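Taken from TrEMBL, the feature domain 'Glucose-methanol-choline oxidoreductase N-terminal' covers 37-376. As annotated by TrEMBL, FAD binding site applies to 118. Annotated domain 'Glucose-methanol-choline oxidoreductase C-terminal' per TrEMBL: 480-618, in sequence order. Annotation source TrEMBL lists active site, proton donor at 565. Residues or ranges marked as active site, proton acceptor in TrEMBL: 609.
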């Protein structure tokens with residue numbers, strides 16, 4: 001999401017504050033011990049570092065190279081402070097600074113399209129929301145792929161492997177999946193009553209990723225809870241992680257953090273694997289092509305990688321490319337945009353597109369770059385009476401005090417991301433929006449939209465007013481039907497691809513967006529908010545006061561933006577299907593030696609924040625890779 005401009009000064013005041021640094025990271029190609037590895041992982045992000053960890057810790061004799069286009073996350077304090085997440089994007093050195101084409105559904109606006117460009121990838125710069133979606137999301141993936149291994153009945157085991165939930169002292173978990181759950185660490189503020197905020201026995205305590213409940217109480221928390229008790233439309237959801245639990249209602253946010261500090265794939269999976277001499281992590285290395293190295297079983301073998309030293313920001317100077325190869329596999333984990341671009345640059349994609357860019361066709365696959373799907377985010381802003389976080393956002397003195405508290409104890413407002421609660425909801429079954437179309441949600445227990453109460457001004461792309469206190473009920477179209485594309489702008493790998501999410505291009509998305517804003521209005525004006533909420537603010541007030549859905553739609557088109565949850569452009573399909581990009585085992589159709597492990601393979605967008613599903617995807621992918629030998 002976008003930067004909160006008023007706290008950007010704090011971000012850079014601590015940018016060079018040193019945290020413990022990693023050992024054994026390679027910063028120059030000249031430091032590579034060899035040019036041939038068992039596995040080459042392109043992308044040291046959320047998924048790529050999971051795979052690196054799982055492969056090397058299971059078999060230390062393997063040689064593995066991870067190429068990361070960005071820098072190390074070590075020593076960058078802004079990446080560790082949850083509250084500063086909004087300062088990390090867009091248009092910073094820690095992300096790719098991609099923008100979309102003008103969106104016809106959003107009044108012709110071009111949007112930032114954020115993706116991490118640093119070790120840990122988007123898990124290092126996102127807003128820390130951590131969940132696994134509904135079980136129906138995974139069951140749909142199993143059905144589409146023809147592989148029941150993707151069904152929730154199998155995938156649930158990876159939650160315990162991924163998730164090291166931070167518990168209050170004295171909380172005893174039942175035994176799950178035959179594992180012992182012993183390590184228990186309190187939330188940042190050690191608050192009481194967490195048993196009412198989470199179902200402890202659905203979480204692991206021996207995994208790699210730390211997750212925690214909010215560590216700083218906000219004024220709005222009590223009003224959110226009271227609303228769930230008084231308004232049937234917004235039931236309380238005791239555990240928001242999904243999977244084994246009910247996934248409809250409003251509850252307390254679970255974030256990827258430990259004791260007020262961000263938990264990313266780099267601070268966990270990578271740090272736990274470093275020190276193994278067979279694992280090399282090369283930062284500032286941009287892959288520009290996957291190279292055919294021959295043929296295997298009648299298929300092109302794609303086991304070569306060409307890369308360059310990443311140009312400095314703003315520089316057009318590009319050095320000579322380096323060539324390396326994998327004995328077993330190349331694993332693309334460059335994210336939805338990056339992996340798609342690399343496939344196209346390497347001759348895997350629609351033949352017409354490749355020929356227009358003078359790229360030799362290796363595999364003609366029209367599915368590459370199609371089916372781009374993302375969540376639309378809508379800021380529904382209300383003016384309120386005091387006690388919001390807007391004073392902190394505006395006031396450097398308060399920011400300095402909060403930073404000092406965080407540095408000393410890892411507590412206070414900086415220990416939290418932008419929200420403490422969020423919820424997931426369905427349109428009524430009788431809604432005319434659903435008439436005559438297949439329900440785009442994964443099942444009857446999966447949501448159509450999300451709401452995130454944020455106790456401050458939060459309208460990406462705008463500047464916070466100089467006065468006033470605000471509540472933003474962010475709403476998100478969580479099961480969209482609009483589909484877009486990613487295409488090459490040119491054959492130059494340093495030119496950003498053409499990203500076109502096609503937001504708000506279907507009746508379902510348009511009408512569901514409007515209904516999500518109307519739900520936000522009902523929520524923020526429910527009886528518990530009577531003495532807090534003044535009413536909708538500025539352009540949102542104009543739209544609401546008109547009493548006209550058309551005006552709300554115009555507001556959404558003017559202020560809606562991406563939630564940066566892009567998926568789908570290298571989608572899974574069954575091995576028998578000619579469409580799709582990867583097989584159920586994530587190997588790329590039509591070639592050998594190449595696999596994709598990132599969000600691009602999801603054929604439908606998960607009905608939640610995508611970090612958790614990507615972790616689970618990478619965990620199973622690691623098992624599939626190990627099984628393939």
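The backbone N, Cα and C atoms fix where each Cβ goes, glycine too.
The structure displayed is predicted, hence computed values, not measured ones.
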*Rounded Cα-Cα span from residue 609 (active site, proton acceptor) to residue 565 (active site, proton donor), Å*: 7
*In Å, rounded, how far does the Cα of residue 609 (active site, proton acceptor) sit from the Cα of the residue listed as 'FAD binding site'?*
20
*List the same-chain residues at least 6 positions away in sequence whose Cβ sits under 8 Å from the Cβ of residue 118 (FAD binding site), in sequence order, or say none.*
68, 70, 71, 72, 73, 76, 79, 94, 95, 124, 125, 266
*With DSSP helix as H/G/I and strand as E/B, how many residues of the domain 'Glucose-methanol-choline oxidoreductase C-terminal' (480-618) fall in helix, strand and coil?*
51 helix, 22 strand, 66 coil
*With every protein chain in view, how many other Cβ atoms are within 10 Å of the Cβ of residue 609 (active site, proton acceptor)?*
27
*What is the Cβ neighbour count of residue 565 (active site, proton donor) at a 10 Å cut-off, with all protein chains included?*
25
*Which of the three DSSP-derived classes (helix, strand, coil) applies to residue 118 (FAD binding site)?*
coil
